């Protein structure tokens, strides 16, 4: 039962993050500030490259305003312009001195964004950069009743730390010039392609491993029955196989426990997370036990841990060193490789240990996850004023790059950088159902074409593909991946089972009808008629 409890806990922790998110989101929303004449620009991120005393310096990222001309997208078309401090600094009144085509650096102040831009334009400025009073980027919108919005200079808002960095350089007597441009993101980044392949490949490997383990347990059971011994493998309750079948109650509890865990991360985010080491160790031990069977079947008693195999003791130091090295170097650019290795090992381990016994439990689990994902990505904004799922995934409340319960790949050809990410739950939860489909096919001796596994894999891959299409259509704003994956995966199994007339068997029993070999030997054999002489 210890292994079963650990598996369920790992499932809940790994599924706490189930929303795909992309970097570069602007946190302020303006649903109540629609476009009006003179204030109808699309919001864009803007790169502000600086030069100090003629030498190239830091590059900052801001957001363009809804009013004013659009900022050029090509760096070669952007002009390098001198930057100067506004006087008064908030530019809520006319500047004391005329500006000859320079860009004014102003503080947020208490007046409207449009008012600042009008005063700066009247003073002869070619643009205005506003320092926000907080670290986030806010969209600069216009009031509904504003008129006379003929503003002909661009306005850019910088977060507080970036703006004050420029302010400090200017007040130190340095000459500063800036170049503003907004490069377009590629329609499809190769990172999303590789992440899709990684997710689908993980589900594929985990499903075959789960089905292989189930087949070995079944073969051992049939062998015992053929030998005439009344011994059954207690797979449902963990037993010697170390597996556990979740039920409807635990599937429903998933939403409650996972939500509590997500809120805890949102309120108390920190750099301590301990869930990846166990997955790597279990995965390696299970894999190596096929070649080192003697070491895996020989046990040594360890205090507080009980009986531990010699193979586990041999593998543990490597896993500990790997996890520690990743933790130490997690801020480096290449740390995503170690995080993905540890994450994939954990996902495969959980799918191999935790099993969906039938389609009924799988439907309840995925349906709960479907609404859970939508709520914490979209609906949670009403209570928390931001998407809880995305904030936790990106690590907005900490110096970390997000929690390590997601797979990520750097966006290699995106001028804005960042990562394409996917939560463990978007792979693990549908993977449990896909693994169930393969176990059913093997037990029913179905071919790849006549079974359910192939079509469930196609459905999962299609749902994940639609997720990335929606992600790009929404300009990189985080999307609940299970919103698209669950209808595809669950719908494919249910509709295919209904069409083949096997839905009830899939729904309730989760396994094909099998005749007990021991029972067959006990049946009376038909008498052979005597030979006619």
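Just so you know, glycine gets a Cβ as well, placed from its N, Cα and C.
Quick caveat, the model's predicted, so the values are computed rather than measured.
Sequence annotations record features per position, and here TrEMBL assigns domain 'PA' to 94-166.
The signal peptide annotation in TrEMBL covers 1-23.
Annotation comment: TrEMBL describes 193-211 (among others) as transmembrane segment. Sequence-remote contacts of a segment are chain residues at least 6 beyond its ends whose Cβ falls under 8 Å from one of its Cβ atoms, and for the transmembrane segment (193-211) they are 286, 340, 344, 347-348, 351-352, 355, 407-409, 420-422, 426-427, 430-431, 434-435, 437-439, 441-442, 453, 457, 460-461, 464-465, 468.
Annotated transmembrane segment per TrEMBL: 246-266 (among others), in sequence order.
The feature transmembrane segment is assigned by TrEMBL to 272-292 (among others).
According to TrEMBL, the feature transmembrane segment maps to 304-328 (among others).
The transmembrane segment annotation in TrEMBL covers 334-354 (among others).
Summarising the annotation, TrEMBL assigns transmembrane segment to 361-379 (among others). Through the fold, the transmembrane segment (361-379) approaches residues 15, 18-19, 245-248, 251-252, 254-255, 258-259, 262, 387-390, 425, 429-430, 432-433, 436, 478-483, 486-487, 489-490, 493-494, 507, 510 of its own chain, all at least 6 residues removed from its boundaries and within a Cβ separation under 8 Å.
Per TrEMBL, transmembrane segment is recorded for 416-438 (among others).
Below 8 angstroms of C-beta separation, residues 20, 192, 196, 199-200, 203-204, 207, 422, 426, 430-431, 433-434, 437-438, 440-441, 444, 479, 481, 483-489, 491-493, 496-497, 506 of the same chain, each at least six residues beyond the ends of the transmembrane segment (450-469), sit close to that stretch. Summarising the annotation, TrEMBL assigns transmembrane segment to 450-469 (among others).
Marked as transmembrane segment by TrEMBL: 481-498 (among others). Listed by sequence, the residues of this chain that lie at least six past the ends of the transmembrane segment (481-498) yet keep a Cβ under 8 A from its Cβ atoms are 18-20, 359, 362-363, 366-367, 369-370, 372-374, 422-423, 425-426, 429-430, 433-434, 437, 452, 455-456, 458-460, 462-464, 466-467, 470, 505-507.
Summarised as a single figure, the pLDDT of the domain 'PA' (94-166) averages 89.
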